[in-house]
Amino acid sequence: MLRVAINGFGRIGRSVLRALYESDKRDKIEVVAVNELSQPEAMAHLFQYDSTHGRFQHKVTHDQEYLYIDLPNGSQDKVRILHQADLSLLPWQSLEVDLILDCTGVYGSKADGEKHINAGAKKVLFSHPGGSDLDNTIIYGVNHDTLLPEHRIVSNGSCTTNCIIPVIKAIDDAFGIDSGTITTIHSSMNDQQVIDAYHSDLRRTRAASQSIIPVDTKLHKGIERIFPKFSNKFEAISVRVPTVNVTAMDLSVTINTNVKVNDINQTIVNASRCTLHNIVDYTEAPLVSIDFNHDPHSAIVDGSQTRVSNGHLVKMLVWCDNEWGFANRMLDTALAMSK
C-alpha cells in the first residue's frame with residue numbers, strides 16, 4: 001500500500017482525493033494526511049460539496065484533527081489534517097509517508113521537493129510544471145516508462161501538456177510532425193478576478209465572467225521538455241473563457257506525409273484502443289464543453305472537427321477536463337513512482 005500525503009487541498013488536491021475513491025486505486029493508495037491552511041470545516045464542506053463535480057459519493061465528517069470518509073462496507077477512512085506553512089516542519093517521517101502529492105500550485109523547484117524529503121517523505125510529485133532540475137517530468141501514457149527508482153522529485157506537467165502531448169505523439173509516430181501551433185481555450189481560474197480588481201497582469205485585472213482573456217503560456221516549453229526534437233518547432237497562445245471547467249485545445253500541425261481527415265482520425269481511434277487506452281478518447285458526437293466535465297481521460301479528440309488542408313496542414317480539436325483528467329493522471333503517476 002502506497003502511503004500518500006496531499007499538500008494543498010484546493011481544486012486539484014480535492015479532485016485527487018475524490019478521484020482515488022471513484023477509481024480502482026483505493027486498494028493501492030492510502031491518503032494518510034492533508035496539509036492545508038484553511039479550517040477543517042471548510043475543507044470537509046468543499047470536499048463533500050463541489051460546484052463543478054457535484055456531491056462526493058461518500059459521507060464526509062471532520063473534527064479538528066481528521067477528515068472521516070464513510071465507506072459502503074460500514075468502515076471509515078480517516079485522513080489527518082495538518083495546517084503547516086513551513087514544509088520543513090511537516091511530520092512526514094512520523095506518518096511514514098512514501099509520496100507527497102504537492103498540489104499547492106506554489107511549489108515546484110527541486111529545493112521545495114527536498115524540504116519534503118528532509119521532513120521524512122521518500123518522494124514528491126508536483127501538480128504543475130517544475131524546474132529543469134527536477135528528476136523527471138512525466139506525461140503519463142507518453143513517458144512514464146522513463147521513471148527510475150532514484151527519481152525522487154518529479155513533476156506531473158500541466159493539464160494542457162497532459163492533454164496535447166499524447167495527441168502530438170500519436171500523430172508524430174504515424175506521420176511525422178514538422179511544426180505546429182496551439183491555441184488553448186481554458187476555463188477561468190481562481191487567479192482571475194470576479195469583478196475588475198488589481199493584478200500584476202493587466203488583462204487579469206478584468207472580470208473573468210465578462211471577457212475572453214488572453215494569458216501567457218509556456219506550453220511550447222512543456223512540449224520541448226518531453227520532445228527535445230521539437231525545440232523551436234511549436235508555439236502556443238492561451239485564452240481564458242467564462243466557463244467553470246473543461247478546456248478545448250486547437251492544435252494545428254504540418255506533417256511530412258500526405259494525409260486525409262480519415263487517416264488522422266483513425267490514428268487517434270487506434271491509439272485510444274491500444275497505446276493510449278484510458279489516456280486519449282475519441283468522439284464524433286455533437287458535444288459541447290460541459291459534456292466533458294468529470295471525464296477522466298487526459299484528452300478527448302473531437303473527430304468531427306478534424307480538418308486537413310493541402311494534405312499536410314492538420315487542424316484538430318482536443319477537449320479535456322482540466323481538473324478531473326489531470327487528477328486521475330496524478331494517481332497514475334503516483335503508482336508508477338512506487339514501482
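Any Cβ shown, glycine's included, is placed from N, Cα and C.
Look at Swiss-Prot and you will find C159 tagged as active site, nucleophile, backed by sequence analysis. Around C159 (active site, nucleophile), taking its Cβ as the centre, 24 other Cβ atoms fall within 10 Å, counting all chains.
Within the same chain, residues at least 6 positions away in sequence whose Cβ sits under 8 Å from that of R11 (NAD(+) binding site) are N190, E323. Summarising the annotation, Swiss-Prot assigns NAD(+) binding site to R11, I12, N322.
In sequence order, H186, S187, S188, M189, Q192, A208, I212, I213, P214, V215 are the residues near R240 (substrate binding site), counting only same-chain partners six or more apart with C-beta under 8 A. Summarising the annotation, Swiss-Prot assigns substrate binding site to S158, C159, T160, R204, T217, K218, R240 and lists sequence analysis as the type of evidence.
H186 (site 'Activates thiol group during catalysis') carries a strand DSSP state (E or B). H186 (site 'Activates thiol group during catalysis') is surrounded by 23 other CB atoms, counting those within 10 A of its CB over all protein chains shown. Annotation source Swiss-Prot lists site 'Activates thiol group during catalysis' at H186.
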Roughly how many Å separate the Cα of R204 (substrate binding site) from that of I12 (NAD(+) binding site), to the nearest whole number?
21
Once R11, I12, N322 are set aside, which residues in the chain still have Cβ within 8 Å of the Cβ centroid of the NAD(+) site?
G10, S15, S127, C159, E323, F326, A327
Expressed in Å to no decimal places, the gap between the Cα atoms of S158 (substrate binding site) and I12 (NAD(+) binding site) is 11
Candidate recorded positions C159, T160, T217, K218, pick with smallest Cα gap to I12 (NAD(+) binding site)
C159
